[in-house]
Amino acid sequence: MLRQSLQFDGKSVLQIRYYTEVPSESSGGQLKIPWLYLKRERSFSRSSGQQCITFSYCTQTDCLFFFSWEKVGLLSGISLIVGTMIGSGIFISPKSVLANTGAVGPSLILWAVAGIISTLGALCYADLGTMIVKSGGEYYYIFEAFGSIPAFLYSWMSITVSKPSSFAIISLSFAEYAVTPFYPGCVPPQMPIKCLAATAIVLITLVNSFSVKLASYAQNFFTFAKLAIVAVIIVAGLVLLAQGNTQNFKNSFDGAHISFSAIGLGLYGGLWSYDGWNQLNFITEELKNPYRNLPLAIIIGIPSVTVCYILVNVAYFTVMTPTELLQSSAVAVTFGDRVLTPATWIVPLFVVFSTFGAANGSCFTAGRLTYVTAREGHMLKILAYINVKHLTPAPALIFNGMLAIIYIIPADLTTLLNYFSFSVWIFYGLTSFSLIYLHFARKDLERPVKVPVIIPVIMTLLSIYLVFAPIIEQPELAYLYCTLFILGGLIIYFLFVHLRFSWTRTLMNPITKHIQLLLEAAPPESQI
């Protein structure tokens with residue numbers, strides 16, 4: 001048996017047990033197991049950050065290993081929320097919000113409403129995240145309330161639709177802003193945009209696969225960069241307001257065309273910009289002191305983003321009329337061209353930083369969702385394996401990156417955004433309803449952060465509205481396809497999860513072994 005003692009300081013521990021044949025004393029100089037080679041010494045030590053793992057060799061047949069996730073603190077948690085929320089949306093969505101309201105006043109109100117909805121959702125998630133302290137976000141909340149089938153449908157939708165499509169949308173936005181300055185006066189071709197977006201996905205996936213800490217440092221840097229450009233836009237807008245550029249705010253409700261269903265479409269654009277308010281719940285297990293830091297990160301992060309978004313939109317309207325804003329292909333670039341001359345390059349450069357940071361945050365959390373879903377047996381078991389060198393869920397991260405690249409091939413941002421928004425709000429509503437259910441049915445669960453039950457009730461009703469209002473306004477087959485695809489997950493569940501045919505394991509075992517060796521990955525104990 002391969003035994004070890006693990007010394008750690010504030011580290012959470014992941015236990016991995018692996019069985020293998022131990023060589024005889026005459027077999028030579030190494031103990032060989034499927035994913036790791038160790039020198040056969042009486043003992044040796046390996047340092048990993050602040051932890052020390054000590055191994056000793058015995059002639060038995062089971063090998064026990066411990067690995068620890070590296071922890072992220074309050075600052076990194078806030079950076080993850082802000083970094084994921086402030087991305088491509090605030091530089092693209094103002095057109096969508098304005099187009100569905102028709103005037104400056106209603107569009108600003110809609111941005112504020114979207115912020116309130118995000119805050120209400122975050123309060124529900126703070127309650128759930130401290131009640132059920134497991135990485136995986138909505139998956140575990142739905143699983144705890146309604147069982148494995150609804151949880152599987154959520155994970156099926158998230159892993160195959162919303163997470164990779166979000167990663168693809170943000171990466172395409174990054175590529176468009178990066179490529180556009182090299183094609184002044186014309187629309188850049190799609191080929192370099194797609195190639196650059198795919199390159200960004202590969203790079204971000206590799207960074208997250210190498211180290212949690214490296215990904216966290218990168219997130220902090222890009223968060224600083226994006227906050228810098230948002231601050232530049234806000235300060236410039238306030239200066240212009242002080243100089244009397246208020247003509248677009250006079251009679252700001254003239255020309256408004258507001259309908260019950262059009263508001264839903266406008267909120268789709270606004271809420272796309274706010275999406276990310278739930279991201280910290282995906283890494284609850286990796287968060288230091290989650291009972292304190294999870295609600296703090298939400299309370300600090302989301303209101304800050306809401307204020308920033310409203311002020312950025314005010315800044316846009318100080319230099320652009322509603323018609324000019326709707327005609328602009330890149331609102332932030334148009335703003336920079338009119339205000340920051342001759343340093344117009346600053347805006348596209350920092351928007352690139354912003355979208356790259358958002359893509360990094362999206363990749364970071366998507367990998368954790370895929371990992372915990374596979375750990376529960378709802379996806380291929382290789383996706384729950386952990387790289388033993390870098391202690392990251394590398395197979396899950398790579399899987400998400402591959403799907404994102406596939407979504408880039410059609411490069412239809414509108415269709416991707418429709419699929420994303422429609423699908424996620426189905427399950428945001430189900431998650432809010434799960435809090436209502438747990439509030440009454442599971443009074444035994446400890447709730448360090450309690451929200452009034454009226455808040456998840458409001459969120460559930462808002463989610464129902466957001467699912468059906470766009471269909472009423474613009475009925476499209478894309479919504480039907482998305483619904484059928486989600487329900488099609490039931491077939492996958494019963495064939496490959498519930499029944500678990502032996503031939504699927506026979507087929508996957510050699511594939512799993514080769515991927516395991518390639519990625520130096522090992523399974524968690526629950527899979528042994």
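Keep in mind that glycine also has a Cβ here, set from the backbone N, Cα and C atoms.
TrEMBL entries are annotated by machine, without manual review.
The transmembrane segment annotation in TrEMBL covers 72-93, 108-128, 140-159, 195-215, 221-241, 253-274, 294-319, 391-410, 422-441, 453-472, 478-499.
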Interface-richest range of 140-159, 195-215, 294-319 toward the transmembrane segment (72-93), CB pairs under 8 Å: 294-319
Two-stretch contact, the transmembrane segment (108-128) and the transmembrane segment (453-472), at least three Cβ pairs under 8 Å: yes
Check the transmembrane segment (253-274) against the transmembrane segment (221-241) for contact, please; criterion is three or more CB pairs under 8 Å, pairs 6 or more apart in sequence. no
Intrachain neighbours beyond the transmembrane segment (422-441), with Cβ under 8 angstroms and 6 or more residues off its ends: 121, 124-125, 127-128, 131, 138, 141-142, 144-146, 150, 154, 157-158, 161-162, 271, 275, 278, 451, 453, 456-457, 459-460, 462-464, 466-467, 470, 478-479, 482, 486
What same-chain residues lie close to the transmembrane segment (453-472): Cβ under 8 Å, and 6 or more beyond its ends? 117, 120-121, 123-124, 260-261, 263-265, 267-268, 271, 418, 421-422, 425-426, 428-430, 432-433, 435-436, 439, 479
Among 140-159, 195-215, 294-319, 478-499, stretch most in contact with the transmembrane segment (391-410) (C-beta, under 8 angstroms): 195-215
Contact set of the transmembrane segment (294-319) with the rest of its chain, CB cutoff 8 A exclusive, min separation 6+ beyond the ends, reads 74, 77-78, 80-82, 85-86, 90, 94, 104, 107-108, 111-112, 114-116, 118-119, 122-123, 125-126, 129-130, 230, 233-234, 236-238, 240-241, 245-246, 248-249, 273-274, 277, 280-281, 284, 287, 325, 331, 335, 338-339, 449
